[in-house]
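Student: Have a look at this one.
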Amino acid sequence: MILGNLSGVSEFRLLGFSETSHLHPLLFVVLLSLYILTLVANTAIAFIINNDNTLHTPMYFFLTQLSCLDICYLSVIIPAILENLMVGTVNISKSRCAMQMFFFLFFGVAECFLLAAMSLDRYFAICYPLHYTIIMNSRICKGLVAGTYLCGTAVGFVHTLITFSSPLCGSAIDHFFCEIQPFLDLLCGNTVPSEIQVIVVAVFAILSPFLLIIYSYVCIISTILQMASAESQRRAFSTCSSHLLVVTLFYGTAGSMYLRPKSSYCASVDKFLSLSYSVVTPLLNPIIYSLRNKEVKGALRKKWRRINSVW
């Protein structure tokens, strides 16, 4: 740590996985493989949905957006990690660090609100089935997606601007990219206002859409339990199970990272949590939605048969 006010610092050092340098080759291969697999899986989901007319519904429109967000979200993080694993400690310019933090926040917050929009879609589909197509029309769906990107832009811009305007007393970031929590260690003097800022942003970006999701599913479960037949209940639950699993994975790891004070910060644990929600979750999303969804599996089989018939 370099002491003294370094507000004029022009670059930072990303320490990455310096404590496990002997594992760098293995980690590089594993993460690169996961990255390629995630790109292929999410691209395949988006391609299948866009090319199958039976999947042109609000639910699959949102799923396409989720796949695109996961690709972009992961592409902000993985190149930085792979660079760190190849060369060790990475020097990164202040502008690149700020861009990294902005896009990480932008895509992460947008995904939070997109998951909330997907819960609203399931809410109207199950609780108001007769009015579903009227309520969730194309204009409303596009408006909800635009709103998620607007929230992501606002949070990313404001948070990054405030963070990089604060006086700094260090230039070494004990992380593999410009993450918010480890960046707080570089701030001079009293960091409580900055910690409060992070928690306020987290409450808005993580907790508020999560509460909307909880409310939606309370109403959904109440409606399902009132259905007459067990088969109807099973079908209704099956349309929500994939989304619930994705929400649990994403919000569980992201919430444990940001909804806590700096005093409980541990570099090794937080690196693991960052990998969980920025690398593992984007890979699991298409797997969860494809393996647990008969319509997606049917579309995949149909496309595969067409490919085989050509060859």
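Just so you know, the numbers here start at 1 and follow the chain as drawn.
Placed from the backbone N, Cα and C atoms, the Cβ positions cover glycine too.
Below, the features straight out of TrEMBL:
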DOMAIN    41-289  domain 'G-protein coupled receptors family 1 profile'
TRANSMEM  26-48  transmembrane segment
TRANSMEM  60-82  transmembrane segment
TRANSMEM  102-120  transmembrane segment
TRANSMEM  140-162  transmembrane segment
TRANSMEM  196-225  transmembrane segment
TRANSMEM  237-260  transmembrane segment
TRANSMEM  272-291  transmembrane segment
Student: Can you work out which residues elsewhere in the same chain, 6+ from the ends of the transmembrane segment (272-291), have a Cβ less than 8 Å from its Cβ atoms?
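Tutor: Distant contacts of the transmembrane segment (272-291): 31, 34-35, 37-38, 41-42, 44-45, 63, 66-67, 70-71, 73-74, 77-78, 104, 175-177, 179, 242, 245-246, 249-250, 253-254, 256-257, 297, 300.
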Student: Limited to the domain 'G-protein coupled receptors family 1 profile' (41-289), I'd like the whole-number average of pLDDT.
Tutor: 83
Student: Do any residues of this chain, six or more beyond the ends of the transmembrane segment (140-162), have a C-beta under 8 angstroms from a C-beta of it, and if so which?
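Tutor: 58, 61-62, 65, 98, 101-111, 113-114, 117, 120-121, 180, 194, 197-198, 201, 204-205.
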Student: Same chain only, please: residues at least 6 beyond the ends of the transmembrane segment (102-120) with a C-beta under 8 Å from a C-beta of the stretch. Say none if there are none.
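Tutor: Same-chain contacts beyond the flanks: 59, 62-63, 65-66, 69-70, 72-73, 76-77, 144-145, 147-149, 151-153, 155-157, 159-160, 177-180, 205-206, 209-210, 212-213, 216-217, 243, 246-247, 250-251, 254, 278.
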